[in-house]
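First the structure, in the form of structure tokens, and then the observations on it.
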Amino acid sequence: MLFNHDKASDFVKSLDLDGKGGAGSTGSSDTAVAEAVEAVNPVMNTYGRFPLTLVKGSGSYVWDDQGNKYLDFTSGIATCNLGHTPEKVKQKVKEQLDELWHCSNLYHIPNQEQLAGALVQYTFADQVFFCNSGAEANEGAIKLARKYASEVKGIAGDEPAEIVTFAQSFHGRTMATLSATGQEKIQQGFGPLVKGFRYLPYNDVAALDDLVQEQTVAVLLELVQGEGGIVPADVQWVQKLVELCKQNDILLMVDEIQTGMGRSGTLFAYEQYGFEPDVMTVAKGLGSGIPIGALLAKEKVSRVLQPGTHGSTFGGNPLATAAGLATLDIISQPDFLKQVQEAGDLLQQQLKGLQAEFSCIQAIRGKGMLVGLYMPEHAAKLVEKLRDEHILVLLAGPQVVRILPPLTVSEEELNQFIAGCKKALSQMTS
Ligand SMILES: *Cc1c(COP(=O)(O)O)cnc(C)c1O
């Protein structure tokens, strides 16, 4: 499909940023927009943004407002796992658009019940609660663990139940989830933090000796730390963690917001570690870019939530769960997941070839299509140089280039990516 540059600039104009012109306005409104933006940007300054305005996406590609085409290996941060505007999801959402968008959770929602049923079928879980984002799913997991502590374990009173999380983890930006996050830079200036979290070093077997304490009710962990630098959990460490949780009736909660929905090469990453968690959170890839989050749990845990104890106005609405249903329907197919694994293996193999050629790549980490290049000093530069080659990738911390191809990526697109990396790295090191 060819991109129409004129349509793109029409689209930007139609955004009516100055509130005066709107669709069909003439060139003079562009100046007004520029002036307004220079005065005070109406969008809060919470993101360091790349100097790019993306206006269209299809499959593995996006286009900017100048009509330039980019190979997108960011997937909207592990969200557009089926590529951009995937046909089957689009169809399902379009059908739902004609029927009912929203009705609140005071009524039964068929799509929501179907999606919950499908998630239960494909995972360890017995029940699902829907929300709108990753942070909200983790917030729900934290509430669930606390309710379980007070109702089942009798941990109540002034000292809260304690949830153990890990250094360099990332669990979200709400007060409870940033308190759960093991990174000071995320917490700076937002104190007092929510009580009841204790942080242990990640992948440290000896440190697990301190895991179990009187108030400990749950452990929350990523099986591949995403924002923390694409660091997979060691198998032995996870095995010991699982054992300790079992022996001491501690809930094992996995944050699969980034690793889930096929990203790691299996539908969920825990499958590769040979255990079943008690609780899991999912978001990013679940709706292919339509906002949706989910909290999954075994019934022995989820039963502590009764009507009135937790909720969300938008959570699991007909439109979002339509996107979730169509997305899960594709990603859960064994043949699809097999292809993801094969493409992931090919990518890793190609990256190893690059590493042999360019010593600034000190390590290749990750699982499936969640891959990091550890290259201290050079990571930000490579992201920038690749953009010049019309290839988009991300950072995961200052030292790691994060590569998140759509799970539907073709061999040709992987080759294009590696060729772009070669060119960029050659320029950087010459
Ligand atoms: C992105 C992410 C979150 C937060 O999700 P939001 O939708 O941004 O709230 C939480 N945990 C992990 C592991 C993530 O990658």
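The backbone N, Cα and C atoms fix where each Cβ goes, glycine too.
Within the same chain, the residues at least 6 positions away from G134 (pyridoxal 5'-phosphate binding site) whose Cβ sits under 8 Å from its Cβ are G172, D255, I257, T281, A283, K284, G293, listed in sequence order. What TrEMBL lists as pyridoxal 5'-phosphate binding site is G134, A135, F170, D255, E256, I257, Q258, T313.
With a cut-off of 8 Å between CB atoms and residues at least 6 apart in sequence, the same chain places A135, I186 near R173 (N(2)-acetyl-L-ornithine binding site), listed in sequence order. What TrEMBL records for R173, S312 is N(2)-acetyl-L-ornithine binding site.
The Cβ of K284 (N6-(pyridoxal phosphate)lysine) has 28 other Cβ atoms within 10 Å, all protein chains considered. Among the features that TrEMBL reports, N6-(pyridoxal phosphate)lysine is placed at K284.
Proximity to ligand 1 at the level of Cβ atoms, with a cut-off under 6 angstroms, picks out none of the binding-site residues E256, S312, T313. Here the Cβ of F170 (pyridoxal 5'-phosphate binding site) has 26 other Cβ atoms within 10 Å, regardless of which shown protein chain they belong to. The Cβ of T313 (pyridoxal 5'-phosphate binding site) lies under 8 Å from the Cβ of S104, N105, each of which sits 6+ residues away along the same chain. Counting other Cβ atoms within 10 Å of each Cβ, the lowest count among the binding-site residues A135, I257 belongs to A135. F170 (pyridoxal 5'-phosphate binding site) is 23 Å away from S312 (N(2)-acetyl-L-ornithine binding site) when you measure Cα to Cα. Summarising the pyridoxal 5'-phosphate site geometry, the residues cited as binding it (G134, A135, F170, D255, E256, I257, Q258, T313) extend over a maximum Cα to Cα distance of 25 Å.
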